[in-house]
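Take a look at the structure set out below.
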Amino acid sequence: MERTLSIIKPDGVEKKLIGEIIRRFEAAGIRIAAMKMLRLTKAEAEGFYAVHRGKPFFESLTDFMSSGPIVVMVLEGEDVIRKNRELMGATNYKEAKPGTIRADFASDIEKNIVHGSDAPETARTEIAYFFSEMDIC
Ligand code: ATP
Ligand code: MG
């Protein structure tokens, strides 16, 4: 069993996609092990995306991520890091496979609906950014 962090970004919440995205996870056999809605401060968004500090899109990305409520989830299942990334589709929605969340709903490389951890180590640190072990069912 593996765990990963999923975020429905402010654009996904704004577009009323919370239910649709969770439906896709559950239909793929992924278990929701923790979930909450919150709004990041600018500083919290900068902390979460610290690996991207210095990149040209960092300012805009952290403004966007702190612009409205998000839904953060711990997903659990076999090979769930890869499975979630597959359901999400490529970062750039133009390159995302048809039927993926980003291909279906994103219309901007930055405002791309969802986030998913990309490796076991990042999954661990990203989950710990939002949840304590007691929050995870
Ligand atoms: P995420 O980490 O959000 O799951 P990702 O792993 O597919 O997405 P990263 O390379 O980690 O992509 O980039 C993090 C986020 O930064 C992207 O999801 C997107 O919102 C934004 N981003 C990435 N590249 C660009 C870019 N060239 N221009 C604008 N925004 C970008
Ligand atoms: Mg990433």
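Backbone N, Cα and C atoms are what each Cβ position is placed from, and that goes for glycine too.
Listed features, source TrEMBL:
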| type | residues | note |
| --- | --- | --- |
| ACT_SITE | HIS115 | active site, pros-phosphohistidine intermediate |
| BINDING | LYS9, PHE57, ARG85, THR91, ARG102, ASN112 | ATP binding site |
| DOMAIN | 1-137 | domain 'Nucleoside diphosphate kinase-like' |
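Comparing ARG85 (ATP binding site) with the residue listed as 'active site, pros-phosphohistidine intermediate', their Cα atoms are 9 Å apart once rounded. Other Cβ atoms within 10 Å of the Cβ of PHE57 (ATP binding site), summed over all protein chains shown, number 12. Same-chain residues at least 6 positions away in sequence with a Cβ under 8 Å from that of ASN112 (ATP binding site) are, in sequence order, LYS9, ASP11, THR91, ASN92, TYR93, ARG102, ALA106. Within the same chain, residues at least 6 positions away in sequence whose Cβ sits under 8 Å from that of HIS115 (active site, pros-phosphohistidine intermediate) are LEU5, SER6, ILE7, LYS9. All chains included, 18 other C-beta atoms sit within 10 angstroms of the C-beta of ARG85 (ATP binding site). Over all protein chains present, the Cβ of ARG102 (ATP binding site) has 22 other Cβ atoms lying within 10 Å. Among the residues LYS9, PHE57, ARG85, THR91, ARG102, ASN112 said to bind ATP, no two Cα atoms are farther apart than 21 Å. In the three-state DSSP classification, the residue listed as 'active site, pros-phosphohistidine intermediate' falls within a strand. Of all Cβ atoms in the protein chains displayed, 13 besides its own lie within 10 Å of the Cβ of THR91 (ATP binding site).
Checking the binding-site residues PHE57, THR91, ARG102 against ligand 1, the ones whose Cβ sits under 6 Å from it are PHE57, THR91.
Of all Cβ atoms in the protein chains displayed, 24 besides its own lie within 10 Å of the Cβ of LYS9 (ATP binding site). Secondary structure counts, DSSP: the domain 'Nucleoside diphosphate kinase-like' (1-137) has 64 helix, 26 strand, 47 coil.
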